[in-house]
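Copied over from Swiss-Prot:
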- 6-26: transmembrane segment (TRANSMEM)
- 45-65: transmembrane segment (TRANSMEM)
- 90-110: transmembrane segment (TRANSMEM)
- 116-136: transmembrane segment (TRANSMEM)
- 190-210: transmembrane segment (TRANSMEM)
- 222-242: transmembrane segment (TRANSMEM)
- 252-272: transmembrane segment (TRANSMEM)
C-alpha cells in the first residue's frame, strides 16, 4: 500500500469515526463496512481504529472542558446553569454511577465481548438499537423529570449506566443505548445526549487504553503518519458532528436515526452476506 493511498484511507476512516462515534448510529457498523470496502482489515486496522477513537474522545474533552472540570470542583467564569435552572448538581458521583455497570461487565466478559465482533452480530444490534430508539421516543414521559443535566438524580445516572451495558454488544452504539435509557428514565433528549458525551470520556478512554495496550505490538514507526492523519481527522470531524448533533436534536426526534440504523443493517447484509 503506497503512502498516499494509506493516508487517504486514514482520512476516510477518520471522517467515518468522527461522524458516527457519538451519534446513535453505531460507529462499529460503519467502520466494518467502510474498512471492508477499502480492503483495510486485520490487526493493523483494529489498532488504527483504537487510536483514532482517541481523537473522537479528545473532541468531547474540548467541547465540554468546563463541565468536566466542574465535575471535580474546578469552575471557570460564570456558573454553568442558566436562569431558572436548578443549581449545579451534576457531580462526579453521577458519572461513576453511570460507569459502574458497564465497567464491571466489560472487565468480566472482555474476551467474550471481543468474540462477538463480527458482521452478523453487528447487523442484529443495529436493528435492536434502532428499535430501542423508537421505543424511547414513544415511551418517554411527556414532560421530562430532568430537563437539564443538573436535574438528574443518582438513580437516573445508574439506570443510564445499566442501559450502557447494551453497548457491550458490538454494534449497538454506546450513545444510542445511553441516550435511549436516559429518555426512558425521564431525562430530556438534550440532557441525555450531554450526559452520554460526558460519560463517554472515562468509558471510552479506559476501553481504548486497554485495547491499545493489548494491540501495541501491531503498531510500527511506519504506521505513525497514517495513524496521525486518522487521529486528527477524527478529532476535527467529531467536533463538528457533536456541535451539529446537539443543535439538531432540539428540532427533531431520534426516529430518523433509527431508520438510518435499519438502512445500515441492510448494507451490512448486502456487503457481507
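Every residue, even glycine, has its Cβ placed from backbone N, Cα and C.
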**Q.** Residue numbers, six or more beyond the limits of the transmembrane segment (190-210), whose CB comes under 8 Å of its CB atoms
**A.** 22, 50, 53-54, 56-57, 60-61, 63-64, 67-68, 71, 90, 94-95, 98-99, 102-103, 106, 110, 144, 146-149, 151-152, 157, 160-161, 164, 174-175, 178-179, 181-183, 242, 245-246, 249-250
Q: Count the Cβ pairs between the transmembrane segment (45-65) and the transmembrane segment (6-26) that lie under 8 angstroms and are 6 or more residues apart in sequence, then report whether there are at least 3.
A: yes
Q | Proximity of the transmembrane segment (252-272) to the transmembrane segment (90-110), 3+ C-beta pairs under 8 angstroms | A | no
**Q.** Surrounding residues of the transmembrane segment (90-110) on its own chain - C-beta under 8 Å, 6+ positions past either end
**A.** 67, 70-72, 149-150, 152, 154, 157-158, 160-162, 164-165, 167-168, 178, 195, 198-199, 202-203, 206-207, 210
Q. Restricting to the same chain and to residues at least six past its boundaries, which positions have a Cβ under 8 Å from a Cβ of the transmembrane segment (222-242)?
A. 3, 6-7, 9-11, 13-15, 17-23, 44, 47-48, 51-56, 58-60, 62-63, 197
